[in-house]
Structures are given as C-alpha cells and as structure tokens.
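S.K.: Sharing a structure with you now.
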Amino acid sequence: MSRDTDSVQKKAKKARDVVEETVETEVDEEALKAKRKEEKRKRKEEKKKRKEQEAQNETEDAAMTDARESNKKDRKRKRDADASAVDGETVNGAVLDKRPQEEGDNTSPRKKHKKKKDKSSAPSESATEQTPITTSSSPNDFAPQAPPSTPAASAAFLTTHNITIHVPDGTPPVHPITAFAQLAIPASLRPAFAKFTDPTPIQACTWPPGLRGSDVVGIAETGSGKTLAFGIPALTHLARGSLGGAPTEKTAYKKSKKSSAAAAVLVVAPTRELALQTHDALDALGASLGIASIAVYGGVSKDAQVAALSSGRSKDGRAARIVCGTPGRILDLANDGACDLSGVRYLVLDEADRMLDKGFENDIRNIISKCAPGAERQTMMFSATWPEAVRRLASTFQRNPVRVTVGSDDLTANSRVEQSLQVFDNEREKDARLLTTLKSLSHKKTLTKDSSDSRVLVFALYKKEAPRVESCLRRAGYTVGALHGDMSQSARQDALDKFKTGETGLLVATDVAARGLDIPNVGAVINYTFPLTLEDYIHRIGRTGRGGRTGKSITFFTGASHERALAGELARVLRDGGFDDAADLLADKFPMTIKKKTHGAYGAFFRDDVKGTATKIVFD
C-alpha cells in the first residue's frame, strides 16, 4: 500500500514539474518576444538619429563650403583694393595688408610671391582642413573711424598717465590709441565701448602692439581694464582668421573623449573666479563674431568641461575658439587629451606675478610647452608688479616683447581709492565699529536686484571668521552673502552673482576674492581683519575704484598678531598715496618695522633676485 502511495505521489510531482516547465517556457518566450521587439525599436531610433546627424553634418559642411568660397571672394576683393597700397601699411599698429609687396609696378612677381606665401602659411599639423572664422564684414569694417593721435598728443598722454614703454630694437614705435574710434577692429566689436568714454592707459598702449601681433608685457594696477587690453586683439585676430581656422565638421563632432575644441586663444588666470569672469567677458564680446569661450577650472567635475571641449561649439552653435581657465585644470585636461593646446597661437598669462607667488610656475611652463611654438605664438603677459621671477618667465617664453608700465612697476595702491584707518586696541570692538561704519557710508540694509546702489565688500582674514561676521550683519538686519574656502564652487558662484546683480549689497569674503575680480559698483571695501601681507592689502582695496571710478577703503587695525610687524609697510603705502594723517596715526601707535618679504611657495627664505656669481668651494 505504501509503495502504491509513493508511486502516485511521484507521478503527481512529475506532472506538476511538467506543467511548471511549460508555464516557465511560455513566460520566457513572451519575455524574449518583448525583448526582441524593444531591441528592434531601439535600432530604428538609432538609425533615425544617424540619418538626422548625417543630414545636419551635410548642412553644416555645405555652410562651411559656402563660407570658404565667401572668404576667397573677400580676399580677392581685398587684394584688388590693396593692389596700389603702400608697402607694409599699418594703422595704429594693426597690419592692414600683411602681403609683402614687390618694388615697381609689375604685378606678376607679386602674384607669384603671394602664392608662395599662401603655401608656406598653411598649418604644418593640419590633420583636418582649417577654415577661418567668417563674418559678414568686408575689409573696410576693420578700418579705424578716426585718424591716429599726433606725436605731440601721444607724448602728452604718456606724460599725463606716467606711462613708460620699452620697445625692443627693430620693433616699430608704439603710438597710444587715445580714442576708441582709432581702433582698427571689426565693426561688430565697437558697441563694447558704448559705456566708456576713453581707453584706459594700459589699453591705449597695449592695443597697438597687440593688434600688430607683437608679444606684450603689461604692468598696471588692479582695475585698469586689462581684460579688454588683451581681449580686443584676440577677437580681432580671430575675426581676421590670422590665428588658424575654426573646427571643421570632422573635428567638432567626434564622439571620442580625446577630441577637443580647436582652441586658438588660451587665457590662464590664478583663480577660478577670475577665470570665470574673463570667460564671461570674452564670451559676450565674441557673440557678434560667432565666437565662444569655454571656462575650465577646478572644484567641479570635469565631465561638463570635457563635453564642452569635445563638442567644439557652444550651446547656441558658436565656434569655441577661446579657453579660459586655471593652471591646474588646464594642465590636467591637456594631459588627459581632452584639451588640445597645440593650436594655441594667442596665449595670455593674466596676473602672472600672482600665479608665480602661488607656486604655479612649473604648471605654466608645462602649459606653454604644449602650445604652438614661440615663432607661431603671440604671448601677452599682464602683472601688477615686475619682479625677477616674472622677468625670467617673460625672457624665456616671449619674443622681443613690448613692455608697457603704467605708473611704477612696484606694487602700489590704486590712486583713485581713498584710504582711511581706524586704530584701536580691543578686537571685540570690531563688530560695533563695522555696524557704525556701514551706517556712516549710508549703506542700505536691503537692496533690490539690479539696484544702482553701491555695494560694500567686507574682508575677513580666515574662512572661519567670515561666517561669524556674516551672521553678525544678518542679525543686524542686513542682506548679506559670503565667499570663502569652505563653500562649494556652486555656492561661491551663487553668492558672487547675487552680489554683482545687487540682490545682496554686502559680501563678506576672504582673500579668495581679493585678486582680479571685477565686481561692478563696489563703493567701499572694509578690512575687518588686516591681511597677512601688504600685497594682499593692496589687492583687497583694489576691488573698488575700478574702471576709472573712485572708491573708499576703511581698515580696522589693532596691532594684534601679525599686524604690528606690518605697521611700517602700511604707513609707507599710506604716505605714497598722500594719506599722511592716517600714516601719522599709525606711527604714533606702533613702531615702524618692515616685515621680511615671503614667497607663497618657499616662505621667508625665498630670495627674489640672487645677484653676483657663484664661488667654487675647494676642499683640501
């Protein structure tokens, strides 16, 4: 009986297994059919996308072909128009006709020479065809709208602004451009000067050699308009097509991570904020020419930056010919193959002295080694000072540069900033004095977006101090933001944007914001805690009084910690600016000592200039 029962159970189990297997098979078949159907749908979508991409590429290829034909016609019209031009004619240093002219009236040697030069000027590394940036302008659009200044007017301009220009032997003299109408630039760039009356001294003297293609060293105080000083020549060269071509369809749409934009202009800056500021300015200027800028900097993911470099175009379709960034991220992307620097023929080192102070010299040298060779590259270097380290860098990587010095090549305070000092012993008074000072400046507690009221920048020394000062001001009813090293990059950018637009009228910052930033309408700077060096003090107060405007700086000085050792240097800066009363107040309270100069990377043992020759030591 037991055997029969077991036999029945085995048969029942076997039947259940057969049924389950059948069900599973049916389920698997249904899943397989669904999977195949989904794969078929995806293949159709991919095929459709490929066709759309091919159609887009064909359209763009046709547009580039039309642009090349248009360029050929423009060049032919220019050759015909300039056939009788004087050899080597220039206007304010901008070469209007770079084609060498033969003597005499015979045109056949000229044509032969022209063909030879066209052949030699082709890029040696042209793996892909290069097409110059095209604009709707004719050659006449580059012509100046006013005659150059007379020699007497130029000499008077140099004397008035205390400008020294060193021109190497064999280089044409520099005649300052004292009016925007004298510029030989594309007509579409002229609206950029609508809100300005006259060029700044550094602009007036660096534009002529910059437009001519010469290397330039510009030494000027903060807030002197250096972005336009190097930005206008860069965009003019791009518009002329003299820096190489735009990315073609083959290079602009590669899917590979190794592909990169055909960058012709590279701007290297010491900080993320300055790099972004320069990027915004050049991107806006280049919009009328169909030229875009890409910003690369640390503190954020590389992915978006790599994608932008790989596409070679901005979101609105402009050719990305300019890259602005910090040394570390530029070198990182270049080593990864995401940023090809071999086509960079216009290099800008902004705030060069600051970058060397921060220990970026090796990174800068590596970046330059990846750019086009010196004979094919124009290098523009700007600095607030002219120390030996900057001189060595210039002598290594620049070819007979024109050096323009506005004022002194030593670090000096902005002459348009009124400096005042509050000396007291008790550091606990700072909060009360800060609120009193803001009241004396008639600063409103709240501002509306795009307000024309001036902003106030408050500098703290340490990143832990900034949030405490921010909280103090917020408790007093002020709308205030903060900018310090403990904040994420997105939070820092948000705070900076709100301060620029006037949504917040007060910003508490550490020295991360003290260098290079051009924040509009900053009426006053308050040094809540004195910085560690006089250089940082000068760059702090340089955030106001920019673009020819005046400003105020108020400094709290208690003599605590590091401050006492800097009293002598601060008094010298105050006297140099004509603020003798503030200097006397400081001298009455503290002894006049000069702190030994330190270097950002090597500390107090760094020697800026080693003079003399080495002595050989011989051991018996």
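Our numbering is plain: 1 for the first residue shown, then up by one each step along the chain.
Here the Cβ of each residue, glycine as well, is placed from N, Cα and C on the backbone.
According to TrEMBL, the protein carries these features:
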- 1-19: compositional bias 'Basic and acidic residues' (COMPBIAS)
- 1-152: region 'Disordered' (REGION)
- 20-29: compositional bias 'Acidic residues' (COMPBIAS)
- 38-50: compositional bias 'Basic residues' (COMPBIAS)
- 109-118: compositional bias 'Basic residues' (COMPBIAS)
- 121-140: compositional bias 'Polar residues' (COMPBIAS)
- 207-404: domain 'Helicase ATP-binding' (DOMAIN)
- 442-598: domain 'Helicase C-terminal' (DOMAIN)
S.K.: For the compositional bias 'Basic residues' (38-50), what are the same-chain contacts with Cβ under 8 Å, counting residues 6+ beyond its ends?
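M.R.: Residues packing against the compositional bias 'Basic residues' (38-50) from afar: none.
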S.K.: Looking only at the domain 'Helicase C-terminal' (442-598), what is the mean pLDDT?
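M.R.: When the pLDDT values over the domain 'Helicase C-terminal' (442-598) are averaged, the result is 86.
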S.K.: Could you put numbers on the helix, strand and coil content of the compositional bias 'Basic residues' (38-50), residue by residue per DSSP?
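M.R.: So the compositional bias 'Basic residues' (38-50) is made up of 13 helix, 0 strand, 0 coil.
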